[in-house]
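Annotated domain 'Copper amine oxidase N3-terminal' per TrEMBL: 10-105, in sequence order. Summarising the annotation, TrEMBL assigns domain 'Copper amine oxidase catalytic' to 153-555. Look at TrEMBL and you will find ASP224 tagged as active site, proton acceptor. What TrEMBL records for TYR309 is active site, schiff-base intermediate with substrate. What TrEMBL lists as 2',4',5'-topaquinone is TYR309.
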Amino acid sequence: YGGKVPYHRRPTLAVEYKQIGGFLKSQVFPSAPAFMQQVMEYNGANLAAVTAAPRGFQSGDRVTWFVLFQNVSGFFLHPVGLEVLVDHSSLDMSEWAVSRVFYNGQYYRDMVQLETAYVQGRISVEKVRKAPQDGDFSSMKPRAPAAAPFPLQFEPQGPRYRVRNNQVLFQGWSFAFGMSVSRGLRLFDIRHKGERVAYEISVQEALSVYGSNCPAGMSTRYMDGSFGLGRYTSPLVPGVDCPYLATFVDTLSLSDSLRPKKRKASLCIFEQNLGSPLRRHYSNLQSLYYGGLVNSALVLRSIATVGNYDYVWDFIFYQNGALEGKVQATGYPSSSFLHGDGLRYGNRLWEHTLGTIHTHFVNYKVDLDVAGVKNSLMAHDMVFEMAQAPWSPEQQIERPRLTRRVLDTEDQAAFLLHSKMPRYIYFAANSKNKWGHQRGYRIQITSSAGDHIPEASSMERAISWARYQLAVTRRKEEEPTSTSIYNQNDPWTPTVAFADFINNETITNQDLVAWITAGFLHIPHSEDIPNTVTVGNSVGFLLRPYNYYDLDPSIYSQDGVFFTSEQDFTACEINPLACLPKTASCLPNFPPFTFDGFRNM
């Protein structure tokens, strides 16, 4: 980082949360005995605390709001109206103190003042009905009995991919995978048809910015890399999280401990028939034939459960040389206690539960090496031009015309969230394909991101990567990541400020990196109870060959189907689909269900 990192920037580890929990239980809550017993019905174990972040308003602060919930299944949806601001900046725990207390719309100096106001009858008490241990409405237990099993996918002759240690081979693809304890899933040395396409493709950060009329909710800007997207990689359930017959891989992480921890079956690899053609044509003009190719792709998946949210991270490899990075959000929505003008900040989800409005932003590093390390950035788009019809000069035609532009500098290649970006933007090689075009890989982003945070904010530079839907910079060893785990607890003096990467250097014929941001707005609604669904909550990007090959490489796939009206398309040698009654007639032996997610917690 070019200098010492102040100790106050350190991430908050499990031991510190445990110490804060002990401080609340032994010193804070006992100072309001009547309130805690009569209003909270506190018994020492029936409340759960959730942290807000960042922790204060300026560098050096370590002052955290903790929100109290009923300690039941799905507790994120059971706020009780009490929030406590703890100053735990001192390394001497005897100096820790409560800075503020919030209850049902009112602020108090500390729990003693809250207790006094309660005993004197000067506070508005909103007593929350005690929830059963299963959480009632927040329980994920199915409300219907099991019926006929859902469809399952299997490989008639076994997997068509190979996994050896952290290396994967599939059709024309090869790559290595890894898991960063802070940033999560990452790939290295990605090759197609033996030629390197990218040196590194990796998740960098997941950001959520919340709004509320409660203090913790209104001040929360979670930077999940600080908590650990790899550290909180979840064990996967066969048949739900991944296909039942997927290949499951254990992962290791080193955090909060002197020894690495193994998470069994926390990454999966599988080939997925997407149930649609990758390409097809049915000809009923001139000649009669059918040609097509099933869209069967390889998926590498991990799921990170960071607090209430579950992020499903996928890298998907298609037979035409395209690669997709995708994240789907699920899990529990975060909530605040509903009071006052709360509906300005979300929807009411239950009696006292406000589903708080928030954004999701994710950032990826894509270090493309297209036909070599040295690339340039090209932009293609379209404009309409007015032209006279050559056969009828008195008539005009509005015809689309291709525009071409070289983006020479980092400033030209930094596209702010709301700026207009060329629809075809690609890394171009120095070499050309058979038809004289520069070989390239196109970047296509799927996102509905709005504003990340106003640039005038004192903490914006810590998340300045989110200013840009796409930024392309020179690759530098001293710029390995777009953020730092130390930015969360000191965003006011960020350890890494991505905006500093962009300094108008030339990017023509250089080793380049694309930094991609995708995101969406989430306004929790009643259908988010008990859980947010992945449908519609998915963003990411595609890398697609653009004149990289002389023709579509998937034409060489062994999955291709072609037959004419004059052929016997019921014969195996003509049509491989006709063989399925034989080749796929035997169901595989499904191994017994196993899950190690509750061991060694």
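Note: Cβ is positioned from N, Cα and C throughout, glycine not excepted.
Of all Cβ atoms in the shown protein chains, 23 besides its own fall within 10 Å of the Cβ of TYR309 (active site, schiff-base intermediate with substrate). In the shown protein chains, 24 other C-beta atoms lie within 10 A of the C-beta of ASP224 (active site, proton acceptor). Here the C-alpha separation of ASP224 (active site, proton acceptor) and TYR309 (active site, schiff-base intermediate with substrate) works out to 10 Å. For the domain 'Copper amine oxidase catalytic' (153-555), the predicted model reports an average pLDDT of 96. For the domain 'Copper amine oxidase N3-terminal' (10-105), the number of residues in each DSSP class (helix H, G, I; strand E, B; coil) is 30 helix, 29 strand, 37 coil.
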